[in-house]
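Lifted from Swiss-Prot, the feature list:
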BINDING   R96, K100, H102, E122, D123, L124, I125, S126, T127, G128, K129, S130  5-phospho-alpha-D-ribose 1-diphosphate binding site
BINDING   S126  orotate binding site
Amino acid sequence: MNQATEIAKLLLNIKAVTLNLHEPYRYTSGILSPIYCDNRLIISYPEKRKMIIEAFLQLIEKNHLSFDIVAGTATAGIPHAAWIADRLDLPMIYVRAKAKTHGKQNQIEGRIRKGQRALIVEDLISTGKSALAAGLALREKGVTVTDCIAIFSYQLPQAQQNFSDANINCHALSHFDTLIEMAVDEGYIDEIEKQKALAWNKDPEHWQP
């Protein structure tokens, strides 16, 4: 079993990812979806989160990612960014979706300087907007951002386009297609439901259960 498959199985086992083809979930965007991902659950499982961090470190090494500061997206990316930074003995920051309206009105928490190279850490990639917003905020402060890592990606066409437009590489530990295959193998869904899920993945805006 390869790493992407192991991560997919982990997410299904702890119910971080749930599938419901008959009563789909509605996202805040209004889109209906047969899949819902809540990777925040991982932090409650010490052994599972260790697996995730080890997988992240292997991904970083395999892809020769170069950076000197780890940037978590608020809030779900923060714990994973902290654990990665701790293992690599690197500075860590986190980036809000927008600046606070009180105090120092910071969007970026932690110390940064121009010329640094930041790695964005996200828990989930749907359209990629939160990760890319973090990358843009850092670039505006003179920080170089070329890569983002995430636990899971829905592999939506919009996300692929958004990352390409921003000239940021997105690396995920596991992906939608791998998870759907694992869901069939483990008996979470059948072949008919698998085809419906794949149809959603290709065109989520027009998908119907």
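Keep in mind that glycine also has a Cβ here, set from the backbone N, Cα and C atoms.
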Using the alpha carbons only, what distance in Å do you get between R96 (5-phospho-alpha-D-ribose 1-diphosphate binding site) and S126 (orotate binding site) once rounded? 17
Going by DSSP, is I125 (5-phospho-alpha-D-ribose 1-diphosphate binding site) part of a helix, a strand, or coil? strand
In terms of DSSP three-state secondary structure, what is the assignment for R96 (5-phospho-alpha-D-ribose 1-diphosphate binding site)? coil
Where's the emptiest Cβ shell within 10 Å among the binding-site residues R96, H102, K129? H102
Name the secondary structure element type, per DSSP in three states, that contains H102 (5-phospho-alpha-D-ribose 1-diphosphate binding site). coil
Same chain, 6+ residues apart, C-beta under 8 Å of the C-beta of T127 (5-phospho-alpha-D-ribose 1-diphosphate binding site), given in sequence order: L156, Q158, A159, N162
Sparsest Cβ surroundings (other CB atoms within 10 Å) among the binding-site residues D123, I125, S126: S126
What Cα-Cα separation, expressed in whole Å, is found between H102 (5-phospho-alpha-D-ribose 1-diphosphate binding site) and S126 (orotate binding site)? 30
